[in-house]
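*Asks:* I have a structure I would like to understand better, so I am pasting it below and will then ask my questions one at a time.
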Amino acid sequence: MPSAFQFQCHFVLIFLAASKGETRYLEVRDTGEDEPFLLLSEDLKRELSAGQIYRRSLRCIDMLSIEGQFTFTAEQPQLHCATFFIGEPEELITIDYDFVNIDCQRGDFLKVFDGWILKGEKFPSSLDHPLPTSQRYVDFCETGNIQRSIRSSQNVAMIFFRIHQPGNGFTITVKKNANLFPCNVISQTPSGRFTMVIPHQNRNCSFSIIYPVVIKISDLILGHLNGLFLKKPSAGCAGVGDFVELLGGTGLDPSKMFPLADLCHSFHGSAQMKIGCDNTVLRMVSSGKHINRVTFEYHQLDLQETENRKENSIEEFCFPSI
């Protein structure tokens, strides 16, 4: 049975395409039988935690979830390549250029994107990221030695590159840094528990789970100010500056997903929903006036499961698969 992380990798492989603006996309050809992703065993992770630096070559299409030094050397012209980086929810990713030998004049490029792009859809979405899309790209051919270290704004980042001349390539070092208040997150696993806190910040935060899941919200605090709860309107979340929404869909961008439920009242208890979508997102919208907090847990939906909980539960829903 394939691992959960391997399942995510195949999701990336199916949807993989990267763009700048609307004009440049990466297209994935048939990968053949060679597995394009290296999945690290727990034994190897324990060995690396003792202080060793992990090193290996990059494939044209790759995914990394560990720190280390990585080198790509073109054996033939490579025109459509990308590497996806993912950390734990509370981690940021730093990418350092150690060595770069590409021919920018001939059309080579090496770009870092702050987030992920899959089939033209971005995570975080443009509504949730603090920077405009154009500023989320760092192009080595434009910055050169000026910016040789790039840090992500969330637990995912990517590079995409084109190299024409065999023998050319680059070496990067990937590091992870603590993020005290994780905002936009892609989960590495189909199950887990997470608490999202937005402390007096006017921003939107999305937690993305690339699986059909059962999600259970156990604690929600909205409009918390000086130890008091502000009274919310009795009907719906329209016009409320602080709320949580559940989204489902088949792509990556939360702004293009279908809204399944809105929560705009603080509560302590249990609210559960089955979402049979390729991607499930819990999104918190914050006005910046208060400290907002939500705690939830999730696990992969068993497609054979037919029992529906009656209390604090919403029926399973999703768009038909496309």
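Note that Cβ sites are derived from N, Cα and C of the backbone, with glycine treated the same way.
Caution: TrEMBL annotation is automatic and unverified by curators.
I grabbed these lines from TrEMBL:
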- CYS60-CYS81: disulfide bond (DISULFID)
- CYS104-CYS141: disulfide bond (DISULFID)
- CYS183-CYS205: disulfide bond (DISULFID)
- CYS237-CYS264: disulfide bond (DISULFID)
- CYS277-CYS318: disulfide bond (DISULFID)
- 52-177: domain 'Corticotropin-releasing factor binding protein N-terminal' (DOMAIN)
- 185-306: domain 'Corticotropin-releasing factor binding protein C-terminal' (DOMAIN)
- 1-21: signal peptide (SIGNAL)
*Asks:* For CYS141 (disulfide bond) and CYS264 (disulfide bond), determine the Cα separation and express it in whole Å.
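*Replies:* Checking the Cα atoms of CYS141 (disulfide bond) and CYS264 (disulfide bond) gives a distance of 46 Å.
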*Asks:* Given the disulfide-bonded residues CYS81, CYS104, CYS237, CYS264, CYS277, find the one whose Cα is closest in space to the Cα of CYS183 (disulfide bond).
*Replies:* CYS264
*Asks:* Given the disulfide-bonded residues CYS81, CYS141, CYS183, CYS237, and counting only Cβ atoms in the protein chains shown, which has the most within 10 Å of its Cβ?
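*Replies:* Max Cβ neighbours within 10 Å, all protein chains included: CYS183.
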*Asks:* Can you tell which of the disulfide-bonded residues (CYS60, CYS104, CYS205, CYS264) has the fewest other C-beta atoms within 10 angstroms of its C-beta?
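*Replies:* So among CYS60, CYS104, CYS205, CYS264, the disulfide-bonded residues given, the one with the fewest Cβ atoms within 10 Å is CYS104.
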*Asks:* Restricting to the domain 'Corticotropin-releasing factor binding protein C-terminal' (185-306), report the mean pLDDT as a whole number.
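*Replies:* Summarising the domain 'Corticotropin-releasing factor binding protein C-terminal' (185-306) by its mean pLDDT gives 84.
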*Asks:* Would you kindly give the Cα-Cα distance separating CYS205 (disulfide bond) and CYS237 (disulfide bond), rounded to the nearest Å?
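*Replies:* Pair distance, Cα basis, whole Å: 17 Å.
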*Asks:* Please report how many Å separate the Cα atom of CYS104 (disulfide bond) from that of CYS60 (disulfide bond), as a whole number.
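*Replies:* If we compare the Cα positions of CYS104 (disulfide bond) and CYS60 (disulfide bond), the gap is 18 Å.
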*Asks:* Cα distance, CYS60 (disulfide bond) to CYS277 (disulfide bond), nearest Å?
*Replies:* 29
*Asks:* Just counting, how many other CB atoms are there within 10 A of the CB of CYS277 (disulfide bond)?
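*Replies:* CYS277 (disulfide bond): 25 neighbouring Cβ atoms within 10 Å.
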*Asks:* CYS60 (disulfide bond) to CYS205 (disulfide bond): how many Å between their Cα atoms?
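*Replies:* Computed Cα spacing between CYS60 (disulfide bond) and CYS205 (disulfide bond) is 31 Å.
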